[in-house]
Amino acid sequence: MAEAAESSGDPGTTSPRPLFAGLSDISISQDIPVEGEITIPMRSHIREFDSSTLNESVQNTIMRDLKAVGKKFMHVLYPRKSNTLLRDWDLWGPLILCVTLALMLQRSSIDSEKDGGPQFAEVFVIVWFGAVTITLNSKLLGGNISFFQSLCVLGYCILPLTVAMLVCRLVLLAEPGPINFVVRFFVVIVMFAWSIVASTAFLADSQPPNRKALAIYPVFLFYFVISWMILTFTP
Amino acid sequence: MMAAADELAFHEFEEASDLLAETPDAATTSGSNQLTPQGHVAVAVDSGGSYGAEEEVEESDRTALLQEEKQQPGFWTFGYYQSFFDVDTSQVLDRIRGSLLPRPGHNFVRHHLRNRPDLYGPFWICATLAFVLAVTGNLTLVLAQRRDPSIHYSPQFHKVTVAGVTIYCYVWLVPLALWAFLRWRKGVRERMGPYTFLETVCVYGYSLFVFIPTVVLWLIPVPWLQWLFGGLALALSAASLVFTLWPVVREDTRLVAAVLLSTVVLLHALLAVGCKFYFFQPLPLAHPAPPTQAASLSPDLPPPP
């Protein structure tokens with residue numbers, strides 16, 4: 001609706017008025033175009049292209065998932081408060097890590113069944129049931145993190161310990177001795193601390209403030225048990 | 001107008017006392033306080049606490065509100081279990097401290113739990129104890145092997161399973177039996193009802209905390225020191241249990257009270273000694289070590305299943 005908009009358009013012709021006096025008279029004139037396109041600047045999530053992922057090559061699919069897993073590995077190795085692990089959770093990474101760890105922790109079957117180290121199934125059960133128990137614990141204490149998000153974080157933060165396992169296996173190829181043990185001990189302790197720091201950085205914010213220690217202690221126990229399994233491994 | 005207000009006030013009081021009479025178990029604080037209104041008995045039994053009178057008044061107001069508004073959620077809902085984890089860090093630490101330092105007048109359930117048992121403490125204390133037992137048991141084998149290379153070392157991972165199962169069974173089955181027995185004898189007692197099942201589990205769970213540092217100290221390979229630490233831990237733990245149970249059983253006949261308390265202490269001692277022998281197994285006799293006190297007992301040990 002065209003009102004006396006022209007009066008605001010030419011300031012010099014009218015009598016001097018106080019500042020901003022004419023603001024209330026301003027209306028949108030038909031001369032000013034008010035049309036255009038509104039675009040949301042962020043990239044829409046990949047889910048809207050669902051129909052087209054059926055046609056892509058297998059390599060694309062696999063590489064996309066691998067890249068997502070790799071990106072999360074980087075987030076764990078350099079933990080800072082970010083939401084990537086929580087927002088786009090997936091369980092591929094924890095599965096890969098758990099299987100790797102369990103395979104490496106297997107010992108030859110020369111030892112008797114009873115007295116040996118953990119079997120593949122035992123490691124698997126400890127990792128997954130431990131993660132589920134910790135998640136249940138944190139939800140019961142009143143944390144607002146979803147079940148799978150928590151599993152995702154706990155699984156991904158096993159990465160430093162898997163690296164420690166690799167290093168230990170390499171070190172064990174050398175001749176045994178106290179130095180061998182000290183090196184392995186040092187590596188495992190450092191990686192254990194790294195795991196705890198990484199998982200705390202992701203999980204601590206979702207807990208109620210006066211129960212943070214109650215929620216973090218089981219995580220500490222969980223990684224402690226895994227570190228002990230790694231440290232006591234003998235080929 | 002004034003008459004209406006008076007009627008309203010009287011009606012509310014009647015409603016509250018009706019609720020109290022009908023459903024003595026509705027709120028968690030009802031427990032044994034059936035004769036007097038909520039909140040007052042809490043003051044009478046233990047006045048040594050650091051909490052002032054305002055907390056009791058607050059608690060009685062709150063429990064009166066809760067009785068009227070909140071229904072206990074069904075056991076199939078998540079909220080039901082969430083109510084057992086309604087503790088803060090400071091509360092858990094306070095309960096642990098209370099179990100470590102039992103005092104004769106202080107009833108753990110009334111003073112520290114304040115009739116709000118939690119499952120967090122017992123569950124994670126048992127888990128920690130199971131893992132610590134397995135780990136230190138393994139470590140003693142490592143240390144022994146370093147002194148005498150002929151011993152065969154192995155990670156003995158199956159001991160984790162055994163430790164876990166034993167401790168969890170102890171903390172759940174023994175309180176179940178104790179609770180059932182106390183309820184059966186309820187008719188003899190007038191003043192104080194038995195504890196709820198969860199409170200009993202809580203007492204047992206927290207009383208096991210003192211064994212965690214003891215087990216770590218058992219790494220020191222001096223036998224008399226190990227027995228000393230074990231005895232000390234057992235004394236503290238059993239004292240905590242006995243002081244908690246004493247107010248409930250003292251109205252019973254002397255015989256029943258004595259038998260019950262000694263059974264509780266005996267079971268606790270069995271657990272401690274059994275753990276010591278199974279996880280800190282003295283070394284196999286294949287090597288010519290000088291006969292220590294522990295090694296001389298080893299022929300009596302059955303091999304692990």
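Including glycine, each Cβ sits where the backbone N, Cα and C put it.
A quick note: this is a predicted structure, and the numbers were derived from the prediction, not measured.
Residues annotated as domain 'Yip1' in TrEMBL: A:76-229.
Packing against the transmembrane segment (A:91-108) from elsewhere in the chain are residues 65, 68-69, 72-73, 116-120, 123-124, 127-128, 131, 148, 151-152, 154-156, 158-159, 161-162, 165-166, 169, 226, 229-230, 233-235: each is 6 or more residues past its ends and has a CB under 8 Å from a CB in it. What TrEMBL records for A:91-108 (among others) is transmembrane segment.
Here TrEMBL flags A:120-141 (among others) as transmembrane segment.
Look at TrEMBL and you will find A:147-174 (among others) tagged as transmembrane segment. Counting only same-chain residues 6+ beyond the ends of the transmembrane segment (A:147-174), those with a CB under 8 A from a CB of the stretch are 72-73, 75-77, 85-86, 89-91, 93-95, 97-98, 100-101, 104-105, 127, 131-132, 134-135, 138-139, 180, 183-184, 187-188, 190-192, 194-195, 198-199, 202-203, 219, 222-223, 226-227, 230-231, 233-235.
Residues annotated as transmembrane segment in TrEMBL: A:181-203 (among others).
Residues or ranges marked as transmembrane segment by TrEMBL: A:215-234 (among others). Counting residues 6+ beyond its ends, the transmembrane segment (A:215-234) has Cβ neighbours under 8 Å at 101, 105, 107, 117-118, 123, 126-127, 130-131, 133-134, 137-138, 141, 143, 154, 157-158, 161, 164-165, 168-169, 172, 184-185, 188-189, 191-192, 195-196, 199-200, 203-204, 207 in the same chain.
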Whole-number mean of pLDDT values that fall within the domain 'Yip1' (A:76-229):
86
